[in-house]
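Chemist: The structure is given below, and queries will be raised subsequently.
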Amino acid sequence: MSWGTELWDQFDNLEKHTQWGIDILEKYIKFVKERTEIELSYAKQLRNLSKKYQPKKNSKEEEEYKYTACKAFLSTLNELNDYAGQHEVISENMTSQITVDLVRYVQELKQERKSNFHDGRKAQQHIETCWKQLESSKRRFERDCKEADRAQQYFEKMDADINVTKADVEKARQQAQMRQQMAEDSKADYSLILQRFNQEQWEYYHTHIPNIFQKIQEMEERRIVRIGESMKTYAEVDRQVIPIIGKCLDGIVKAAESIDQKNDSQLVVEAYKSGFEPPGDIEFEDYTQPMKRTVSDNSLSSSKEGKPELKFGGKSRGKLWPFIKKNKLMTLLTSPHQPPPPPPASASPSAVPNGPQSPKQQKEPLSHRFNEFMTSKPKIHCFRSLKRGLSLKLGVTPEDFSNFPPEQRRKKLQQKVDDLNKEIQKETDQRDAITKMKDVYLKNPQMGDPASLDHKLAEVTQNIEKLRLEAHKFEAWLAEVEGRLPARSEQARRQSGLYDGQTHQTVTNCAQDRESPDGSYTEEQSQESEHKVLATDFDDEFDDEEPLPAIGTCKALYTFEGQNEGTISVVEGETLSVIEEDKGDGWTRIRRNEDEEGYVPTSYVEVYLDKNAKGS
């Protein structure tokens, strides 16, 4: 099968077909280019995804990756990054092995096609020229023959006419002979050109066109083979990265299999273990005995040994004690200390605080009661610890990590000691290196001045001394913590509320069990334990008592947001219960729905005191 013999008359169609083949090849190149762009975009998105979920340095997330599940996730992210790299390899290989080669091949193919069809058109033009020459000689021969016939007929006519002179007859005869000769010459020329054309036409259809079409056929077949090879390469590029992608997936599976739930559980224990013992049982208090009730064993009141006893004046302790349940102490400590805000500019004249309808109540101000409570010496140390604990909530971490539970504090101190030892070792190595260099300079003065190293050596030595002092300080704290951790029976006993006749030990060790020598443990997860020394002591005494009774009502004149601790928000026109009158500091204590209470500016409410409350 040959296009030269089978398609000898389909020159134009072959030209269109070969152009279509080049278009198909360019279309495939465009497809591969778009595939490479997709692979690059996909790889970029995968890398961004992996980077997005990587733990941030020096953040809490980085600490979370000590758990095996988080480590496995981190390994998954790293494997995903390698997975993305393989898609980049696919893109690069497709570009270098397919796109670049095909683009170059298309240019060569276009040039070869152009050359072949140029030769074909040239041969076609040549045969057309020969055909035109043949037609021209044929027409000339035909014309000369007709002219010769007319000249012969004219001569015969003149020769038959007796009236024509002999000279005219001779002239007609010569003209007929000339025309006859011209016809013979045209015939010979036509015969020669016809013979030549037939030769050219045979060569055109049996030699030139078959050769040209054969080249075009070979060119087209090479194009088809090349596009097939490119498709194979396309598949092989993908196949080459499959083993590596499989390794990435195997890495993810291996990371998943490395997850150890027991190990993670142990890490949680190590991270959050406080070192405290759980509280013991609470002793039954018999209220049927006709005796004066005392506060619970681990409260801050005086012991049976005659130590000063905390007095709460007034008829009702619930009325005088400004705390309720778990938040009793915190309510006292977080009550507003700043002056109340002034009322809005549209204050009505009727809203006059502390007017005739608000006589002064016969009770000591809350601040006076708190000061009296604080002056009890056995309690001062406990409250000082609590005060330090509350100050730590501002975000300042003590140097000795006293805001951490004992177990966590020990780990922090141990880590600090290890870090300092590493720094000491680093500085020591540097000092040794400088000393050796100085010895070299002393032996070989031409290499350097030994005195130039004295300043650096003194600086490094000073740094070592500072670090050693720092390490010694933390080691002392660490030894103190490690020495206290085993002694937990007394601590549990103190937390349980058992009264053993040693209240002075409770008071003395109140802060020591809850704090380090320079601060108290006040982390949010253990805030309740932090003030159990206070809150637990008083909960037994006051949990069963009724809330402070209402001494009147009030109507909100303006809306108050109540954003500070100890305050409560009110809405204009709202009616609430008054449980404590203004003591001269500009704040009135109110209650809503028997469970919400707090302070509002006296100028924001209109107070109506009960007559019975005024007289009490």
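Every residue, even glycine, has its Cβ placed from backbone N, Cα and C.
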Chemist: Can you check which of Ser265, Ser299, Ser346, Ser376 Swiss-Prot annotates as phosphoserine?
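Modeler: Record says Ser299.
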Chemist: For the feature phosphoserine in Swiss-Prot, which residue out of Ser302, Ser520, Ser526 does the record point to?
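Modeler: According to Swiss-Prot, the phosphoserine annotation belongs to Ser520.
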Chemist: From the set Ser50, Ser136, Ser296, Ser569, which residue is assigned the annotation phosphoserine by Swiss-Prot?
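Modeler: Record says Ser296.
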Chemist: What does the DSSP secondary structure composition of the region 'Interaction with DNM2 and WASL' (552-608) look like, as residue counts for helix, strand and coil?
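Modeler: Split into helix, strand and coil, the region 'Interaction with DNM2 and WASL' (552-608) gives 3 helix, 30 strand, 24 coil.
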Chemist: Quick one: pull the CA-CA distance for Lys110 (N6-acetyllysine) versus Lys66 (N6-acetyllysine), whole Å only.
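Modeler: Lys110 (N6-acetyllysine) to Lys66 (N6-acetyllysine), Cα-Cα distance: 63 Å.
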Chemist: For Lys110 (N6-acetyllysine), just count the other CB atoms lying within 10 A of its CB, please.
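Modeler: Result for Lys110 (N6-acetyllysine): 15 neighbouring Cβ atoms inside 10 Å.
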Chemist: For Lys66 (N6-acetyllysine), write down the residues of its own chain that are at least 6 apart in sequence and whose Cβ falls under 8 Å from its Cβ; none is a fine answer.
Modeler: Leu267
Chemist: Average the per-residue pLDDT over the region 'Interaction with DNM2 and WASL' (552-608) and send me the rounded value.
Modeler: 88
